[in-house]
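Data first, discussion second: the structure below is written as structure tokens.
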């Protein structure tokens, strides 16, 4: 037996075959990798008895006829041109009616290129019947076409300003009657056209200025209260109580009374006092110097008391109204000449607001405030 084994091993390759069988084969040296990278590994085909072998293992668990049928159905549905499902939101069942919120505009199909085929953006929704029959869907204002706006929308609103109502002589009602004449005088200063009623009142204004100057201006004499005011100021600066004040005290007295004379005015005043009055001023000279200044200051200051005094000068019989004859007589005294009857009637007509032919105190105040 030993000889048989030895004879068997004498065959070429028997020893290497035996080593492979026993697992003691020599190790192979690692082969060098090619430049293109590792070669793909070859997988040995499975043995004939393996479970994955055969055509049945290559297909899925679904039968081949069923998979082909489902694919054909999907391709036919895509080729039929059916509506795609929306990308956003759930799919809507075509059998259900679409719901619309009250007041919203329904969708309209796109119009063709013909302008005559265009329709309004929205039409009033019909009244719903059934369970919702009591509810009426009203269209919103923005859904109405522009041509359907009512004609009342073009009318002015009640809050829009209306032209002021004008009364007699072109005066605005509810305003002072003096404003109409003042506006006409401003228009004349700008060169605008002046109404005829305002131009007729101009002669009255020219006659009124001398009256105001005589009653309240510098042409009048000092009132007793004004003389008493000057006397108190003179006594305050008469230090030695001899009835005279010097030039320096006169300047201080003027500043105390509210007059601010310049240095040049004080020099001229002192020269006049030294030359004509011996360097001292008594009360009469003081009134002569300060009277015109006091009258010039109060010339434009007309109060209610002064207006009542002037009204009494016109109202000679004291009945509270100025008649045509009283106005003619007062103007004759103030102006120094007789005024014609026609001119007096024009003055009364311009001043008389209630049209009774006479002038009361209220109308007189409005006349004087022009």
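Including glycine, each Cβ sits where the backbone N, Cα and C put it.
Listed in Swiss-Prot for this protein:
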type     : residues                               : note
BINDING  : 238, 240, 242, 244, 249                : Ca(2+) 1 binding site
BINDING  : 238, 240, 242, 244                     : Mg(2+) binding site
BINDING  : 315, 317, 319, 321, 326, 353, 357, 360 : Ca(2+) 2 binding site
BINDING  : 352, 354, 356, 358, 363                : Ca(2+) 3 binding site
COMPBIAS : 50-61                                  : compositional bias 'Low complexity'
COMPBIAS : 68-84                                  : compositional bias 'Low complexity'
COMPBIAS : 148-157                                : compositional bias 'Low complexity'
DOMAIN   : 279-296                                : domain 'EF-hand 2'
DOMAIN   : 302-337                                : domain 'EF-hand 3'
DOMAIN   : 339-370                                : domain 'EF-hand 4'
LIPID    : 2                                      : N-myristoyl glycine
MOD_RES  : 323                                    : phosphoserine
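What Swiss-Prot annotates, mapped onto the structure for a quick look.
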residue: 240; record: Ca(2+) 1 binding site; contacts (Cβ under 8 Å, 6+ apart): none
residue: 242; record: Ca(2+) 1 binding site; contacts (Cβ under 8 Å, 6+ apart): none
residue: 244; record: Ca(2+) 1 binding site; contacts (Cβ under 8 Å, 6+ apart): 238, 280, 281, 282
residue: 317; record: Ca(2+) 2 binding site; contacts (Cβ under 8 Å, 6+ apart): 326
residue: 352; record: Ca(2+) 3 binding site; contacts (Cβ under 8 Å, 6+ apart): 358, 359, 363
residue: 354; record: Ca(2+) 3 binding site; contacts (Cβ under 8 Å, 6+ apart): 363
residue: 356; record: Ca(2+) 3 binding site; contacts (Cβ under 8 Å, 6+ apart): none
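Taking the Cα atom of each, residue 360 (Ca(2+) 2 binding site) and the residue listed as 'phosphoserine' are about 9 angstrom apart.
Confidence annotation: the domain 'EF-hand 4' (339-370) carries a mean pLDDT of 76 in the model.
Candidate binding-site residues: 238, 249, 319, 326. Fewest other C-beta atoms within 10 angstroms, 319.
Take the mean position of the Cβ atoms of 352, 354, 356, 358, 363, the recorded Ca(2+) 3 site; other residues of that chain with a Cβ within 8 Å of it are 321, 348, 351, 353, 355, 357, 359, 360. Same-chain residues that are not part of 238, 240, 242, 244, 249 yet have a Cβ within 8 Å of the Cβ center of the Ca(2+) 1 site turn out to be 237, 239, 241, 243, 245, 246, 280. Across the fold, the C-alpha of residue 315 (Ca(2+) 2 binding site) and the C-alpha of residue 249 (Ca(2+) 1 binding site) stand 45 Å from each other. For the domain 'EF-hand 4' (339-370), the number of residues in each DSSP class (helix H, G, I; strand E, B; coil) is 19 helix, 2 strand, 11 coil. Summarised by DSSP class, the composition of the domain 'EF-hand 2' (279-296) is 14 helix, 1 strand, 3 coil. Secondary structure from DSSP puts residue 317 (Ca(2+) 2 binding site) in coil. Here the C-alpha separation of residue 321 (Ca(2+) 2 binding site) and residue 249 (Ca(2+) 1 binding site) works out to 49 Å.
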